[in-house]
Structure formats: structure tokens, C-alpha cells
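The structure's right below; bear with me while I get my questions together.
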């Protein structure tokens, strides 16, 4: 008989976990369309790779990499559906939205790596240009173009749609935008199609297909095989230029940077928060993009001791929630008091205690309410104080003041007793001089080491 282990969780393998999550996504009917397009995409990629091998065209290979990128975009769309189904967990307290960002970043980086591979192969072909067979070149071009456009326009890919609009424009988009303005100046009805800027994925599909059509015509007319290599370089450069801004944008999101377009709005909201009633200081603010369109942030707010924590928290959250959807606000009360002055042990050869009066000073707070470490009021409901002063503790030693007798100490100064109010207001000072002694020993009118004592005997 085997041993029964109570409360033991079953350990799943990585493949088992992936299978479980895939079943979770496949249970949604919206995912069936994506899975169908993914299966067709794999078949299309298989045929295109065979035609690339038969035609010996590197330009068609570069265009086929765009179809492989479409497969990555479909996987990203599935991950987006999976993220919407998952809820935050103790491990992923902010949710799983960053998986979308990681999927977009990985897809764009892989597309750029494919473009670099095409550039490397094209450089080798310039040294020895092989013969290109145009039998299936044009067929493969139109098959890839039709499938890419049909995939991009039929499926709403939320992550890539957001990145294509939020990222900076590529050089291909800028040149096409300049050309579109000229065309729209002649035909104003085309402004809704070409302006303000075209979809970068549709644009690169059309531009790549146009380059392959030019390649086919030049090879058929003049047997100019080098144009195939030139078209491959053009498609690779267009791919790299289109994917690079998206990689930069998604990479900044992964690095938890603050989006540049919201910095001005955040500064305005923080200034409004700092002027709220009871708020003394706003510090340690940090805002970053959690996912596409989701801004997270944390801020520390120091308030007055008599302010209402819940009221201030509600006002701060109400101001920042208009821009920051996931917000963490930590409230600190201004719980600190001025450090009390206490004396240190005095050697007998320095001061004669019989010549002085001992006046006990009452403590500012009850000793039971003080924290022995920081000498601040200990409140279990409030966070620890922001500053810890180097104070001696909760027991305040008596302060020793001089008596009313006046004794010269050989320097010609009149050392008399100081009023009690001046002692508290100005510190321990020497009457007649106005200078305040430092807090190194806590005493001012200590007899000088050199001079004469009270009996006129010379002091060593």
C-alpha cells in the first residue's frame, strides 16, 4: 500500500501547463477563427517555401517571412484573448497584460532578425548571382499578398493595432504620407484612405508585392537576375524599418518607462495633489506603462498630523485615477516631535554640584507614549516616522542651572543666573555675551580650565 500525502499538489510538466492554458483559450469561440487562420497560414507557408526553393528567388523568400510574421501576430492575438480570461494572482498581482507586450516585442524582433538574414544572403548573391526561374514567382507573390491582406483585415489584433498607432512612424510611412498628400491634393476623395497615415502592415505587404512584380517583369524581359537580389534587399529594409519603431515602443514598456506623451499631464495632476488640504509633500512618485493603454503608478504622500488619512487618500486617488488606472498611494503622517535636551555625566573635577541648583525638567510627553528607539509617539495604526533623531531615550535627565551667586573666573566676565524663559527660548547662553554654547555637553557656565577658582587658588 502506498503512502497517502495529504494536501499535496500535483506537479504538472511544462507541456501539461501549456496544454491546460491552450484548452482554456480554445474554449472561447472567438479563438476558433484565429486557430483556423493559423492552420491556413501554416499550409500557405509550406507552399511558399517550396516555391522559393524551386524558383531560387531570395526576394520571394523575404516576402514569405512576412507571412511567417502573420503567424506570430495570430499567436499574439491568442495571447491577448488568454490575458483577458486570466485574473490577477498573488504571483502576478498586476495581471498578465505584460505578456501581450512581450509577444509583440518578440514578434517584431524575430521579423528584424529575418530581415538581417536576408541582407546577409543578398550580399553573398551579389558575388555569384544564380539563375532565377519565374515559373511560380508571380503565383507565390499573389498568394502571399492575398493571404496577408485577408489576415490583417479580417482579424482585429488588439496589441498590434495599438502599437502601430502609438509607435513612431517608419520611414516608409513618412515617404508614402508625402506622396499621399500630393495625390489627395489632386483627388480629395482619397484622403480617407491614405491620410493621416496608412497601416504599416498593409503598406509593407503592398510594397513587397510591387517589388516582386517589377522583379518578374525585368527578369522576363531582359533576364536581369540581379534585380531579384535588389528586391530582396528592398523588402528586408522595409521590413526592418517597419518593425523597428514597434520594437522600441514595446521595449520601453517592458523597461517600465513613463510614456512621453503623459509626462505633462502627470506633472499637472501631481501639482494639484500637492495643493490639497492636509498634504505637505508628494514624493517617490513612479509611473510606468503596465500594458498597452494601461498606466500604473505609486506615490508617497506626507500629510499633517491632524489631517484625515482616508479623506486625503480619497482625494488623491480621485485626482490621479483619471490617468492612472492601477494606483498605489501610501500615506505618511507628520508624526515627529522636537528632540529633547538632556545632560551627560559630569566629572567631579570639572563642576562642583554643591554650587548649583538642580531643577527637574518635566518631559514633553508621557514616557509610556514614546518609542525608546526614536523618541517619537508610537502609534500602532500609523506608519513608522520618516525621520529618527539621535536622541538619548525617553528618560530626560535633570538640567543643572547656576545659582544666583556671581563668581569671577579670571576672565573678567560676570557669570550670573539666566532667567528660566531665556533658557528655554535661546538655549544655554552666557549672560552679557549673547553667545549660545553648542550642545556638546549640555552645559554652558562650566568653569574654565585655566584661571583661578573661588578661593583664589591657581587652577592647574
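Just so you know, glycine gets a Cβ as well, placed from its N, Cα and C.
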Identify the transmembrane segment range according to TrEMBL, selecting from 96-117, 162-183.
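From TrEMBL, the annotated transmembrane segment range turns out to be 96-117.
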Looking at the candidate ranges 32-51, 252-271, report the one that TrEMBL labels transmembrane segment.
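Per TrEMBL, the stretch marked transmembrane segment is 32-51.
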Between the transmembrane segment (225-244) and the stretches 32-51, 63-84, 201-219, work out which stretch tops the count of Cβ pairs under 8 Å.
201-219
Same-chain Cβ contacts of the transmembrane segment (137-155) under 8 Å, 6 or more residues past its ends?
33-34, 37, 40-41, 44, 47-48, 51-52, 55, 57, 60, 63-64, 66-67, 70, 73-74, 77, 199, 201-202, 205-206, 208-209, 212-213, 215-216, 219
For the transmembrane segment (63-84), I need the partner stretch with the highest count of C-beta pairs below 8 angstroms, choosing only from 32-51, 96-117, 201-219.
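Highest pair count goes to 96-117.
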For the transmembrane segment (96-117), find every same-chain residue at least 6 residues outside the stretch whose CB is under 8 Å from a CB in it, and list them.
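Non-local partners: 62, 65-66, 68-69, 72-73, 75-76, 79-80, 82-83, 86, 88, 158-160, 163, 236-237, 239-240, 243-244, 246-247, 250-251, 253-254, 290-292, 294.
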